[in-house]
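Feature annotations, courtesy of TrEMBL:
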type	residues	note
DOMAIN	14-81	domain 'Histone-binding protein RBBP4-like N-terminal'
COMPBIAS	203-220	compositional bias 'Polar residues'
REGION	203-239	region 'Disordered'
REPEAT	238-280	repeat 'WD'
REPEAT	283-316	repeat 'WD'
REPEAT	332-365	repeat 'WD'
Amino acid sequence: MRERGRAAGASVDERYAQWKSLVPVLYDWLANHNLVWPSLSCRWGPQLEQATYKNRQRLYLSEQTDGSVPNTLVIANCEIVKPRVAAAEHISQFNEEARSPFVKKFKTIIHPGEVNRIRELPQISKIVATHTDSPDVLIWDVEAQPNRHAVLGVADSRPDLILTGHQDNAEFALAMCPTEPYVLSGGKDKLVVLWSIEDHISPSTTETKSPGSGSSSVKQISKVGGVESPSVGPRGVYQGHEDTVEDVQFCPSSAQEFCSVGDDSCLILWDARAGSTPAVKVEKAHNADLHCVDWNPHDVNLILTGSADNSVRMFDRRNLTSGGVGSPIHKFEGHKAAVLCVQWSPDKSSVFGSAAEDGFLNIWDHEKVSKKKDRVGTRMPNAPPGLFFQHAGHRDKVVDFHWNAFDPWTIVSVSDDCGSTGGGGTLQIWRMSDLIYRPEEEVLAELEKFKSHVLTCSSKS
């Protein structure tokens, strides 16, 4: 068993060395940042500044510690180099053990318990929700929160608001609504719970509450980690799963519609206007636990799911089932371990990413599945249909990633490196070369121009 582990470690190192040698060719820009403690979540915050060669932006991370120091929610300032600025030879010259000069810690919040999931409110991205190992969802105004020093024995920071309503721990399933200040959560109690942050400011009346909600939202005080904070109850509690709810997502065009996935292998669509039972329940959406779900912001008919069966599936909500079980339009099978995170690209409606326990972050284009003459497919004859880029910069499971809404084709990703390097994690901010995703004719024309330029230069010399 030990020999097998050693061999696996060697193959990871070989794969990583090969990837690093290709960085100048595959990437327009890449920053590698060593984390002392693993971060289970990473999210982009608001953009702070635009300059000639780079932009500055907030980045939300966490520190999952061993108890020798407190768990924290970290607000960092990030410098993102603009496209076609970084020199190819520079981006591959980084030390894996070093911190990146592009990522600077700005503020630390002492979090009551470990941070499993971070989600920002799209309309006001300084408002952040976190999940820990408790039934509550914690809401933070990260700009107003004081900066704290993370030392053993220090008191927890005080959340700005606590959302109550779960009957058991809610650890991972968390989403913020793109159109309203709504928060959605799922937990071990098999429930999906909906809140409005506005109920903290003015408790909702019966008229404004979502129909079908069983409990009222009344202002109260709750305690978390020994600290008291104001709290609100839910607008709606939704029952339909038969096991832990692992992920939730709002419909991009409606605050009243959302979906959830769980360890019961089900994908459920909900409509708050129609009551607290499922609008559509898709049994056997996968052949194993479902870990993640995302709803396409460009085409609200398309939903992605990722599972412990190592695959990503794409469903059309107009035609979700066949013969009583899930009937996906496509199955994307390129991972060799459980898929932990899926997310549609904000830059192109057919593109999405998937991160898995195999250490890869795959970028897919579902439009390429049906095209026989797939440009990348000809270069990668064994590539699964639709896969056109594979980020192999992490040496352990990729636990989260997030597309950047301000800087096109730019991604932040984090891996938990406890299994490979014995601790800590790796944060990478990266953007693939635009020669990979731009239209083929455009790329060939540019390369032809470059070729003639090189030939001209060489003939002069």
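In case you wondered, yes, glycine gets a Cβ from its N, Cα and C as well.
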So what's near the repeat 'WD' (283-316) in sequence-distant terms, Cβ-Cβ under 8 Å and 6+ beyond its ends?
178, 243, 246-253, 259-263, 265-267, 324-333, 335-344, 346, 349, 352, 354, 356, 358, 364, 366
DSSP assigns the residues of the repeat 'WD' (332-365) as 0 helix, 18 strand, 16 coil
Model confidence over the repeat 'WD' (332-365), as mean pLDDT, sits at 97
Reported in the order helix, strand, coil, what are the DSSP residue counts of the repeat 'WD' (238-280)?
3 helix, 24 strand, 16 coil
